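Worksheet: the structure to be examined is printed underneath.
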Amino acid sequence: MDKRMVDQEFHNEDTDLELSLRPTQLKQYIGQSSIKSNLEVFIKAAKLRQEPLDHVLLFGPPGLGKTTLSNIIANEMEVNIRTISGPSLERPGDLAAILSGLQPGDVLFIDEIHRLSSVVEEVLYPAMEDFFLDIIIGKGDEARSIRIDLPPFTLVGATTRAGSLTGPLRDRFGVHLRLEYYNENDLKEIITRTAEVLGTDIDKESALELARRSRGTPRIANRLLKRVRDFQQVNEDDQIYIETTKRALQLLQVDQHGLDYIDHKMMNCIINQYNGGPVGLDTIAVSIGEERVTIEDVYEPFLIQRGFLERTPRGRKATALAYEHFNTTNEKRE
C-alpha cells in the first residue's frame, strides 16, 4: 500500500514536525474539550491525594493525539514517562525489566496496547492492580515463582482498536477516554499554530480550506500544510494564499471532502463497474488491485463515516451522496 497524504497512520517524515508542535500542558492542547475537562479533575484530585493517577486507556482513530496526551499527563503529574509499543514486549521479562525501573508515580505509556501477547498481558494484571510481579524462574522441577514489588505507577494505554482488548485488561483501567475527530474550527486553530512554528503566514481562507480537507485529523492537517507551504515558497509568495492552497490540493489530488485518488478509484469502481453495488469486498479488492484487509481497515471507514458507502449483507453499496459527489467530480475532470 502506497503512503497517502490523507493517511491517518504515522509517517516517518511526520516525526520532527509532530515533536516540535507537541503541547506539554492541557491548557495548550487544542480540541477534545471533554477529555481535557475530565483529565484536569482527575489529575488535580490525584495530586491532592498524593497518589498516582488511575490507569488511563486512550482510544480512537490514529492521528488524534493519544501520544501527546500521555506526555501531557506525565508533565501535569510532574513525573517521568517511559514509552514503549505493545509488539515490542515479547516476553514477560521484557515487561518486568521496564516496570522494575520505574520510580514512584511514573507513567508507563504502552502504544498499540491491543497487540500485547497473552503471556505478557497476564503478567501485567497484578502489576496494574496490586503493584507486584510474579515471575517464574527456571524450568520443570526447578521452576519457582519470585514476587517483585513495584512502586505505584500509572499505565497509559493507547489503542485504535479498543474492541480488540481483552475484558480483563480493559477493566483494569480506571479512566477510559475516547478521542473524537476534530471539528473545523479546532483544526483551523491547529493549522494556524503550525504555520507559526514553520515560520510562514497563512490567510484565514487557506487555514479553513485545509481544515475542511483534513478528515478531522491534526496529523493530516499538518502534513497537508507542509506540502502547501512548498508551493508557496516555490511561488515566492509572502504567505499562503487561498489560490495557492486550492491549486496545491488539486495537484495533490485531495478533494473538498478530504478524499484522495484511492477513494475515488474505489468509489468509481463501485458506481461505474458494478452499478453502485452491492458488490463483495473481494471483488472490489481484485478490481482496484488492493488487499481486502486494507480496504476494510484503511479505506472504507472514512467513506462510511461520511455517508458515501454503506455495508449491506450482500456487499458494499454506493449511497445517493456518493453518486452526487463522484459523478460531479468526474464531470469536472472531464
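Count begins at 1; order follows the chain as displayed.
Cβ from N, Cα, C; glycine included.
Going through R212, R213, R215, R219 against Swiss-Prot, the one listed in the ATP site together with L21, R22, G63, K66, T67, T68, E129, D130, F131, R172, Y182 turns out to be R219. The two recorded residues, T67 (ATP binding site) and R292 (DNA binding site), have Cα atoms 29 Å apart. The CA atom of L21 (ATP binding site) is located 39 Å away from the CA atom of R316 (DNA binding site). Cβ packing within 10 Å was compared across the binding-site residues F131, Y182, and the lowest neighbour count falls to F131. Among the binding-site residues E129, F131, Y182, the residue whose Cα lies closest in space to that of R311 (DNA binding site) is Y182. Those residues noted as binding DNA (R292, R311, R316) have their most widely separated CA atoms at a distance of 14 Å. Per DSSP, the secondary structure of the region 'Small ATPAse domain (RuvB-S)' (183-253) breaks down as 52 helix, 2 strand, 17 coil.
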